[in-house]
Amino acid sequence: MAEEQARHVKNGLECIRALKAEPIGSLAIGEAMAAWSEISDNPGQERATYKEEKAGGSGLSKPCLSAIGSTEGGAPRIRGQGSGESDDDTETLGIPSRNLQASSTGLQCHYVYDHSGEAVKGIQDADSIMVQSGLDGDSTLSEGDNESENSDVDIGEPDTEGYAITDRGSAPISMGFRASDVETAEGGEIHELLRLQSRGNNFPKLGKTLNVPPPPDPGRASTSETPIKKGHRREISLIWDGDRVFIDRWCNPMCSKVTLGTIRARCTCGECPRVCEQCRTDTGVDTRIWYHNLPEIPE
C-alpha cells in the first residue's frame, strides 16, 4: 500500500510540475473532469465504452487533445488504482496526434489518493490532468513546492530511463543518507580498524601505517655514541675507623671502570698516557697518608 501511495504521489508531483510549465485552460479542465466523472460513475461500462469509441473513432479525445496534444509516441492510459480497480483494467484512449516531442514517450492520466484511499477531488489536484510520461528523473520541484518536502513517503531513486524505482523488495529506498546509516558506517570502519590491529596488521588496506621503533641492539647497549676522552682521572679513597681517617689519592686511566676501593687500574685502549701532570707531581701516589682529624684533610 505504501508503494502504491508513493507512486501516486510521484505522479501527482509530476502533474503539478507540468502544469506550472504549461498551464491548461479552464475549458479543457472542465471537459476532462466531466469525462472522468462519467467513467468513475459507471466503472462497469468503461470497457464497453472504450470499444465503442475505438470503433467510432470518437469519444474523450477532444478534452485530452486540448489539454496536452500529441500521443504518437504512446497512447495515454487511464490508471485507476483505487476502489477495487487495478492496472489490469487500464484502457487506452485514441487521441489525434499533435506537436510530437519524443517518439519513445507516452501520455498518462493518474488519480491522486490520500492516505485513507479516498480520491482527492478538485481542480488543483492531478485527477484530470494528462502529463507526458518519461520526464526527467529529477523529482525536485522548482520554486519551493512544499509537497515534496513534507511527504512522508519515499518515492525511490530514478533509474536510467527516468522512472522512479519503487519495487525493490521490502527494504526502504532513500534518496540520501540517514543518521543511522552514518553511525553504522562509522561503527563498521572502527570495527575494521580494531580487527586489523588485533591481528598485528599495519593497516595497509586503509592507508594507515603503524610505526614501531626498532628494538635496541644488544651489541651497542653498553657503548657510548661519543668516544671517551683519553687521559687520567683523579680518585680518592677515604677510610674512617672512628678515630682516624685513611686517605689515598691516585690516578687511573679514563678508559678503565670506576670501582670501589683503592685500585690502580691499567689502560684498556692503549692510548691513555702512562702518567699525567698530577701523577708526576703527586708524592703520595704509592704512599698512604694518615690524618687524625677530619679538619686536617686538605681541600
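Here, residue 1 is simply the first one shown, and the rest follow in order.
Even glycines carry a Cβ here, placed using N, Cα and C.
The Zn(2+) 1 site recorded in Swiss-Prot includes Cys251, Cys276, Cys279, and the single candidate from His191, His232 that the record places there is His232.
Of the candidate recorded positions, Phe246, Trp250, Cys255, Cys267, the one lying closest to Cys276 (Zn(2+) 1 binding site) when CA atoms are compared is Trp250. Rounded to a whole value, the Cα-Cα separation of Cys251 (Zn(2+) 1 binding site) and Cys272 (Zn(2+) 2 binding site) is 12 Å. Sorting the binding-site residues Cys251, Cys255, Cys267, Cys269, Cys276 by the number of other Cβ atoms within 10 Å puts Cys251 first.
Other Cβ atoms within 10 Å of the Cβ of His232 (Zn(2+) 1 binding site), summed over all protein chains shown, number 20. Listed in sequence order, the residues Gly231, Arg233, Arg234, Asn252, Pro273, Val275, Glu277, Gln278, Arg280 complete the 8 Å Cβ shell around the Zn(2+) 1 site centroid, once His232, Cys251, Cys276, Cys279 themselves are left out.
Sequence-distant neighbours of Cys272 (Zn(2+) 2 binding site) (same chain, six or more apart, CB under 8 Å from its CB) are Lys230, Gly231, His232, Pro253, Met254, Cys255, listed in sequence order.
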